[in-house]
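Encoded as structure tokens, the structure appears first; notes follow it.
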């Protein structure tokens, strides 16, 4: 993001310098180090433990900086090795990406960041669909992704091993969606995390890997089925056990019959110490019995141990697989966790996708069955030989045609509802529908006129979460995600998508527009707005961010002149850096504001406020208490003036916020494949936005969470 360079400058020049001569409990604090293999010094490593970071008064300022910047999406805290898979995906802004097992969402955040490589393009052509099997953890994922304010992310809730084929509309034709990039960071035994995760020492057995191998292989198989030809899939685990790693990759390569190959990434990420993948291993049972080949396994054990767990014996086959191209990251090489990564490239359709399985000829088509059948007919032995070979695209088109008529009706109305009720038992509570604004909606005309929106503004991409009654919030998605949503409402459990761009504010109606701008979506909206923009100098920005409802007389004369003849209501406040003043902030800032009769104020969340002030060199640490006091006063003012009636519009974000807060106590380090990523969230909770709506949401969410189905199975 455009502010990354400023944050890096602030870290180096201010926070790291203050750590230089610090001693905590008689020990000198080690300076944070940049990760040599991460591009542009955008990743740093610190040896400070969480306990010291939280408890030491000397480090309180640095800790507060980390919490606050994490909350507003400017930094993410994460295990160093788990940053590797997204980097090896080589993402471009036009790529369609699937993250199969995405919670808690640190890798997803990296992918979103890569999509927005050019901040001048508000809607990249690509998107990220982030999936997780656990309904509750999906809200953790939403919380992480929402910090980045992207219109190109959708969070869905499915079992990754049978995630449905999605359709998109291409020039009026229905086509199956194939992804350019897939991240397959599967659930694993987590033995690579033993340096930080004490549970591994207590609970680890060889049984863990034997139980997970089948699931890992099914997820990876489902991934490559949905990968476009020429696309890249990264398979990763935080385990060093070959049964979860090379055995899965070898089995996948073998049954792909040449459709897949391992990419040679030895020249990528220079500076990263790595070991090659291994080609020989044995399989061990819980009681200590070793087996070198499948034929040695007694029949009584053949349910626990499967043939795909053993290394390939045929030397020629083994050589052609190039298993040494896998990456093994060992903990002692560069002070990290243990990790395994393999990069696969798809050269042609999977062999079992070239023909139509028999079962489709006999059974009537049902939503969600196609995918499972395709995944089960691994070897293609059930296929009808007389049928001419069909490409993946043609086959999928044929399979999906019968569903088209069912979804036409809801598509016309622009409503993307939840899946059919028979499927609801698999998931958590029912989600609100996604309703796209009709083209002739009178609601939009007032907005368009008030903000003088550009004719190129994609109004078709606006959606709400209510079918009846007043629309409280307006969200926005990219054109490509709209296409996905409209064509798959029956088969997809969507938890969240889009960013909030406008919020209803009844006071605004008397000034010509009932909707005020929302800070979350301002960087997406700004290029399309041609009215109500006020350019402000850096001193004005400081006043806006440090004072609540400052009088107009406090601002520069230029600003006063600009707003003098402007009608009351929501406005955009824009700061452009002056290259002739290098000591001033050198990145542009866009803020949402409100112009009253005699005052001007900014509508910016607390942590984002602190972020901008830090970037401008204002000391916010001492002002923390004051900031909180003024925040609570503001809350009362907001209620009186009804400037932000968020408490009325109890929408999905309130559910998320409460669920995230509640879950962090439950989940802790539950995630077997990324324990540290979850724990970062506990710290973030320390600074809560004083938002009235979250109080109102509590009772609502606790009620809903009571009726959550316990049949949810974690991957």
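Using the three backbone atoms N, Cα and C, a Cβ is placed for every residue, glycine included.
Because TrEMBL annotations are produced automatically, they should be read as predictions rather than curated entries.
Residues annotated as domain 'SAM-dependent MTase RsmB/NOP-type' in TrEMBL: 1-347. What TrEMBL lists as S-adenosyl-L-methionine binding site is 101, 102, 103, 104, 105, 106, 107, 132, 159, 185. Sequence annotations record features per position, and here TrEMBL assigns active site, nucleophile to 238. The region 'Disordered' feature in TrEMBL is assigned to 352-419, 624-715. What TrEMBL lists as compositional bias 'Polar residues' is 373-382, 693-715. What TrEMBL lists as compositional bias 'Basic and acidic residues' is 394-414, 624-645, 652-665.
Within the model, the domain 'SAM-dependent MTase RsmB/NOP-type' (1-347) carries an average pLDDT of 92. Here the binding residues for S-adenosyl-L-methionine are 101, 102, 103, 104, 105, 106, 107, 132, 159, 185. Their largest Cα to Cα distance works out to 20 Å.
The two recorded residues, residue 103 (S-adenosyl-L-methionine binding site) and residue 238 (active site, nucleophile), show a Cα separation of 14 Å. Comparing residue 159 (S-adenosyl-L-methionine binding site) with the residue listed as 'active site, nucleophile', their Cα atoms are 20 Å apart once rounded.
Sequence-distant contacts of residue 107 (S-adenosyl-L-methionine binding site), defined as residues of its own chain at least six apart whose C-beta falls under 8 angstroms from its C-beta, comprise 78, 82, 83, 85, 86, 99, 183, 185. For residue 159 (S-adenosyl-L-methionine binding site), the count of additional Cβ atoms within 10 Å of its Cβ stands at 19 [all protein chains shown].
Residue 105 (S-adenosyl-L-methionine binding site) sits 15 Å from residue 238 (active site, nucleophile), counting Cα to Cα.
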